[in-house]
2 protein chains.
Amino acid sequence: MNYVYQYALPPEITLGHYLLYRLRQLGVRTIFGLPAEFNMPLLDKIYTIPQMIWAGNTNELNAAYAADGYSRIKRMGCLITTFGVGELSAINGIAGAFAEHVGLVHVVGMPPMSAQVKQLLLHHTLGNGDFKVFHRLGSDVAEYTAILDDLETFAHEIDKSLIIAFTRQRPVYLGIPLNMIDVPVSSSLLNIPLDLSDCPRNEALENEFAAAVLNALYKSQSPAIIVDACVSRHDLIEETKQLVEATRFPVFCTPMGKGALDEQHQRFGGTFVGSMSSPEVREVVDFSDFILVVGALLSDFSTSSFHFSYKAKNTVLLFSNCARLKNATYPDLELKVAMEVLLAKLNPSLVQYRPQKVLDVIKPKLRLMNNVPLRQEWVWSQITRWFKPGDIVITETGTSAFGINQSRFPNRTRCISQALWGSVGYSVGACLGASFAAREEGSDPRVILFVGDGALQLTVQEISTMIRWGLKPIIFLMNNSGYTIDRLLHKKSNAGYHDIQAWDNLKILSTFGASNSDARKVKTVGDFLALIDDPDFAVNDKIKMCEVVLPPMDAPPALMDKLLVQERSESEEADQVESGSLRIGGDGNSFKRIKLSDRP
Amino acid sequence: MNYVYQYALPPEITLGHYLLYRLRQLGVRTIFGLPAEFNMPLLDKIYTIPQMIWAGNTNELNAAYAADGYSRIKRMGCLITTFGVGELSAINGIAGAFAEHVGLVHVVGMPPMSAQVKQLLLHHTLGNGDFKVFHRLGSDVAEYTAILDDLETFAHEIDKSLIIAFTRQRPVYLGIPLNMIDVPVSSSLLNIPLDLSDCPRNEALENEFAAAVLNALYKSQSPAIIVDACVSRHDLIEETKQLVEATRFPVFCTPMGKGALDEQHQRFGGTFVGSMSSPEVREVVDFSDFILVVGALLSDFSTSSFHFSYKAKNTVLLFSNCARLKNATYPDLELKVAMEVLLAKLNPSLVQYRPQKVLDVIKPKLRLMNNVPLRQEWVWSQITRWFKPGDIVITETGTSAFGINQSRFPNRTRCISQALWGSVGYSVGACLGASFAAREEGSDPRVILFVGDGALQLTVQEISTMIRWGLKPIIFLMNNSGYTIDRLLHKKSNAGYHDIQAWDNLKILSTFGASNSDARKVKTVGDFLALIDDPDFAVNDKIKMCEVVLPPMDAPPALMDKLLVQERSESEEADQVESGSLRIGGDGNSFKRIKLSDRP
């Protein structure tokens with residue numbers, strides 16, 4: 001990307017223009033958010049920037065999700081909200097970007113400074129004259145914050161904020177008082193490129209680190225490379241591939257790293273999901289003597305559904321801005337630098353590992369009768385062959401985030417999911433952002449969303465924004481009548497809180513004003529095969545939704561196996577259920593637990 | 001209300017039960033929120049409490065709005081969310097309750113303490129092991145917060161939190177670690193009533209205050225009483241009426257106080273909206289020599305659309321927990337106490353004011369031809385006669401919040417709007433909460449929502465929850481093709497950000513699964529008259545939506561007049577527009593400014 005962008009501009013522009021041109025230099029062409037009294041003069045300026053548009057979301061949380069999804073494709077996103085009500089509505093989305101290392105600028109339109117100084121303006125405040133409370137709240141989920149209230153420093157603050165958001169891949173918070181939007185600034189400042197490469201180097205530390213890592217790497221007999229979230233965020237896809245090819249180590253991805261590596265590569269072994277990994281993956285990863293995690297976000301975490309940690313004696317974690325080897329931390333070692341040094345010093349002839357064939361973890365496809373109702377395991381095994389190179393695949397927290405790990409992507413498939421923060425409904429907003437980003441690429445790749453019926457309800461209206469802009473995602477609505485992942489996690493109860501209001505899902509697109517759309521429903525194996533064999537459905541020529549009807553207590557195999565193992569150890573007095581059938585209570589809202597033998 | 005509620009309970013119950021029974025004692029029968037891994041064991045217990053239900057919202061912000069709307073009718077509300085993602089999604093709604101003095105308990109399900117202490121569980125965290133960040137964020141918008149992690153104190157903390165939420169009418173934050181939900185507590189503690197009356201008294205201060213206020217009150221020649229937000233929040237409707245009748249002063253309400261006073265009362269003079277009040281109201285209020293504001297939330301505020309302040313030489317402000325007379329503040333003087341003392345000491349024979357007839361500010365109804373397209377001014381003047389005693393009327397920030405001030409309510413009409421915090425979309429969530437509260441009243445009053453098409457898009461899915469529970473609000477969807485209030489506030493631009501995606505609004509109810517509903521559209525005077533004369537439509541026997549089609553640049557007269565005055569002073573080179581018509585750009589999306597002469 002060429003981060004310098006020359007414009008024919010008058011010698012003086014406004015602060016608002018300066019910010020927007022700087023964003024444009026970083027590749028940002030779509031801005032998300034909602035209009036309000038304190039940001040409208042800034043929004044006016046978007047319409048004057050070449051190839052830049054204001055998306056106009058349906059609410060601020062969705063806007064934050066959209067900016068996040070956009071940034072996961074373009075490495076930078078921006079949303080504009082308003083003081084108080086707007087910024088607080090977005091804060092959960094910003095926190096998600098912070099947790100998952102996504103580069104964003106959150107611009108907040110603030111009351112004019114005169115009102116703040118005089119404490120005059122109390123609309124959208126807590127009524128106590130405290131204008132700083134929202135900035136304070138925003139600081140906890142931002143890598144950097146600035147209020148542009150100083151004529152001497154605002155251009156510097158804008159540059160600094162954008163550099164931090166971009167290089168560290170984290171959200172920053174920029175507050176702009178209304179009266180500052182139109183203050184003049186010299187346009188010649190735009191000719192000074194943003195310095196995006198300034199990571200401090202420490203040669204002694206780098207050498208020591210590389211020697212220690214390579215020493216362990218060369219001696220390893222059963223190694224593994226793991227690709228985690230920050231590989232795609234920090235654009236290290238090519239370097240990671242070089243490392244795999246030089247060492248011939250088997251390589252796996254985490255759920256957050258999925259899509260960063262060519263999954264057709266002969267050394268690719270599948271997805272590592274801790275205790276929920278397939279037996280083939282666990283066998284390699286859990287028993288390896290050396291693990292190199294590239295772009296690590298976390299070394300371990302646990303939820304009530306699974307545990308995730310690396311067990312190798314020699315574990316190297318390359319975080320975004322530091323590294324760890326066993327218990328030693330190497331501070332201030334940027335991921336890009338660490339990879340560069342390792343690749344430069346690696347001597348493949350010293351690698352002792354004798355390459356083993358990496359097993360194909362994708363299960364052979366089951367042949368089922370056309371009239372068999374759909375089950376998650378089968379659907380996820382089939383969808384793999386429907387993916388195409390270049391696809392952007394978005395999955396929601398819940399069963400689809402687990403299901404997707406069963407699939408093997410074609411090369412250059414990109415994957416978006418919010419696996420760590422896990423805010424339900426994220427995927428719909430992210431799909432909007434990714435759809436804008438996809439359209440900005442010349443190749444107009446497909447954007448494919450998998451979202452459950454429960455999650456969809458949180459953010460459904462953002463589909464309206466997709467329709468408004470003629471975006472053409474293909475939406476698989478996995479309808480299992482409620483919050484199935486919660487049903488599985490909290491099995492002791494058949495409580496009504498797992499259920500949701502049933503919607504007439506096929507009407508959603510037309511209700512939101514789509515005049516050219518495709519809405520279908522599939523219930524059986526035959527329906528689904530017809531769908532994925534239909535060349536018309538595979539083309540992203542209009543917005544499409546396919547409702548996939550699934551049983552309420554069904555889930556992808558990884559999740560089911562895990563829970564069934566737990567269940568068997570907890571209780572042997574399980575209900576007697578006939579093999580191959582799923583017993584559902586008479587009202588459709590209370591569910592019996594099912595056993596392994598029930599699965600086809 | 002009888003705040004002691006006897007249950008036949010075992011000697012030991014759980015912490016979860018204790019909290020829920022205490023809420024039940026305060027009249028809370030509906031709990032809002034979403035299920036998640038850290039709160040599900042608490043939700044299970046809701047199903048065991050007599051006459052208590054879990055509403056199950058579509059997202060957390062909507063849940064907060066719903067709990068707020070519920071509390072505005074019942075004086076107490078509760079929502080349950082989950083750690084991180086859930087609580088942050090709700091925070092804007094909690095901030096609104098804080099700003100507008102609404103009593104709420106926000107219960108947050110947290111990870112078990114063992115995970116927090118070991119920093120093991122990192123799902124739904126920012127990835128930095130900081131488990132306290134969300135509690136810290138919540139503290140800024142709560143009157144009190146507690147984490148129930150101590151076996152010795154949790155029952156005390158629950159009681160204290162609920163007392164604060166109820167008596168101060170503000171949100172409180174209660175974090176419950178997962179492992180604490182089932183710890184035992186003696187059920188006999190429930191027999192000790194919550195002490196809701198503990199306001200400290202200071203007789204000297206009260207006497208001094210009453211003497212000073214009454215001295216000014218007796219001498220006043222042109223007084224006014226203003227009813228503000230805290231009158232209904234702190235249940236002082238009866239006392240306020242007594243004060244009006246004893247003094248015979250003219251009485252007005254603020255937009256936030258609307259509904260607290262019988263508007264059919266002969267001393268009621270209309271709504272005071274600062275610089276946007278009608279001339280009749282401004283003449284009395286702005287030129288009065290004594291103003292007594294009961295239940296004041298603010299003494300003044302300004303937005304870009306209007307200014308609000310009291311100009312009388314002698315202004316008495318009775319806030320919820322202190323009072324002010326001119327520049328003197330009387331601290332720790334509770335609203336209820338202040339009113340009690342004033343009423344006790346008031347001697348009506350000393351009042352010098354000679355009652356003037358209070359003008360009827362409701363304009364005579366215009367007679368228009370049936371085929372005339374609808375305009376805001378006319379619609380708001382007509383709707384008054386459609387209201388019934390007992391109605392709960394909810395208006396959205398935007399044109400409807402201004403329009404409603406044109407109406408005169410029947411007695412016992414209650415009004416909900418978020419006039420100070422002004423979070424767009426609030427009204428839809430509040431309508432859900434108010435509908436539950438209404439159903440809990442034996443009389444099943446009508447709940448009537450006025451929401452713009454722009455605002456509806458932010459929170460539309462909460463209509464699904466209304467349908468799920470068979471609630472029967474009557475929704476007027478004021479469709480003016482976008483954010484009209486923003487168009488009026490920021491007239492210089494005809495920018496696209498004021499426009500929204502057009503929805504097929506009449507399909508909304510059926511898309512969300514309504515099998516028994518009524519959806520209509522009105523465009524003309526004749527349509528509207530037929531609607532409000534249709535006895536079937538007036539009955540709340542099913543959920544109803546009426547789309548009211550209005551011109552994009554139209555607004556209620558108060559807003560129009562204000563803006564037109566501004567405009568005339570700004571520019572005389574206005575477009576030549578034919579009288580009585582509204583020029584709209586060819587594509588329907590760009591709008592010419594209109595002049596006063598355009599209005600019918």
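In case you wondered, yes, glycine gets a Cβ from its N, Cα and C as well.
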Among B:D444, B:D453, indicate the single residue that TrEMBL lists for the Mg(2+) site containing B:N480, B:G482.
B:D453
Within 8 Å of the Cβ centre of B:D453, B:N480, B:G482, which other residues of the chain have their Cβ, at the recorded Mg(2+) site?
B:G452, B:G454, B:M478, B:N479, B:S481, B:Y483, B:T484, B:I500, B:L550, B:P552
Report, as a single number, how many Cβ atoms besides its own are within 10 Å of the Cβ of B:N480 (Mg(2+) binding site).
22
Mean predicted confidence [pLDDT] for the domain 'Thiamine pyrophosphate enzyme TPP-binding' (B:398-515)
91
Once the DSSP letters are reduced so that anything not helix or strand counts as coil, what is B:D453 (Mg(2+) binding site)?
helix
Residue distribution over DSSP helix, strand and coil in the domain 'Thiamine pyrophosphate enzyme N-terminal TPP-binding' (B:14-117):
53 helix, 20 strand, 31 coil
How many other Cβ atoms sit within 10 Å of the Cβ of B:D453 (Mg(2+) binding site)?
24
So what sits near B:G482 (Mg(2+) binding site) in its own chain, CB-to-CB under 8 Å and at least six residues off in sequence?
B:D453, B:G454, B:H498, B:D499, B:I500, B:P552
